[in-house]
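Just below is one structure, and these are the notes that go with it.
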Amino acid sequence: MYVHLALILGCWTVILQGAETDVGERADKRRPIWNLGHMVNAVKQIPTFLNDGANAIEADITFKGAVPTYSYHGTPCDFGRDCIRWEYFDVFLQTLRDYTTPGNSKYYEKFILFVLDLKTGSLNNNEVRKAGENIAKGLLKNYWNNGNNGGRAYVVLSLPDIAHYEFIRRFKEVLKAEGHENLLDKVGYDLSGPYLPSLPSLDSVHEAFRKAGVDGHVWLSDGLTNWAPLGDMARLKEIVERRDSENGFISKVYYWSVDKYSTTRTALDVGVDGIMTNFPYVIIDVLNENGYKDKYRLATYDDNPWETFKK
């Protein structure tokens, strides 16, 4: 009897300890940070950025007409980078799938999100819609494996012009028509431009998302190339303030290109959720510093990239 009672008490102790651990993890109030490797356009660069501490990457997708053809940036680009690294779009997506599919020999558990910087600036309205269709079909086939054990990472589609909201509408229509509407749970959107002659107001950005049929899953970016003066981050602060407002429509805010320790600290102090960098280890180092490690942490797959974390 006493042995039986001891076993019962022992089991309850283990259960309670486990519960305390779960509560502790759920009670972590630190802001999760997405550490985005910048301009990762060649497949050989993917493990390099991941090993340097990135939990997400950004790639530039160029088009021939409405057809996504390469992951490629071109010149000019950030100081110190090779601007002409590239891969065929389909191959790039297939490789991303390898790195984000549990059980694959290349799988990286910490690789949880990628941003496709879609170079649609030269496309007309009809081409923009067709491009949205082609991106949807490309992701469905080459990344999500037609819904059969595809990659698990979240995807952010970043467009350079708020006038290109039809891209998003068509993208969503295609996934629904193909019977994979559920995959939209994995997709977010960024409409952040055009930059010239001046950036659109946040009200105009919000209206573009309404036209796109997007309510939630909004990532909004701001930034400068790494060879430009930092400035006062006024636009970034405005975006963060809008994210945190009662009528905020923004889920996450990210800033680019951040390569310095001082700029990383400033961006975190402003309240960003993500930092795009050429040197992911810099962000990791700052996240481990006194004054930051108690406020911020690297995001994991369990963190919802569409959930707003206010200051």
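Note: Cβ is positioned from N, Cα and C throughout, glycine not excepted.
Site annotation (Swiss-Prot, ligand Mg(2+)) includes Glu58, Asp60; from Asp90, Asp98, Asp117, the additional listed residue is Asp117. Each of the disulfide-bonded residues Cys77, Cys83 was scored by the number of other CB atoms within 10 Å of its CB, and the largest score is that of Cys77. What surrounds the Mg(2+) site, by Cβ distance within 8 Å of the Cβ centroid and not counting Glu58, Asp60, Asp117, is the set His38, Met39, Asn41, Ala59, Ile61, His73, Val115, Leu116, Ser158 from the same chain. All protein chains shown were included, and the count of other CB atoms within 10 Å of the CB of Glu58 (Mg(2+) binding site) stands at 27. Each of the active-site residues His38, His73 was ranked by the number of other C-beta atoms within 10 Å, and first place falls to His38.
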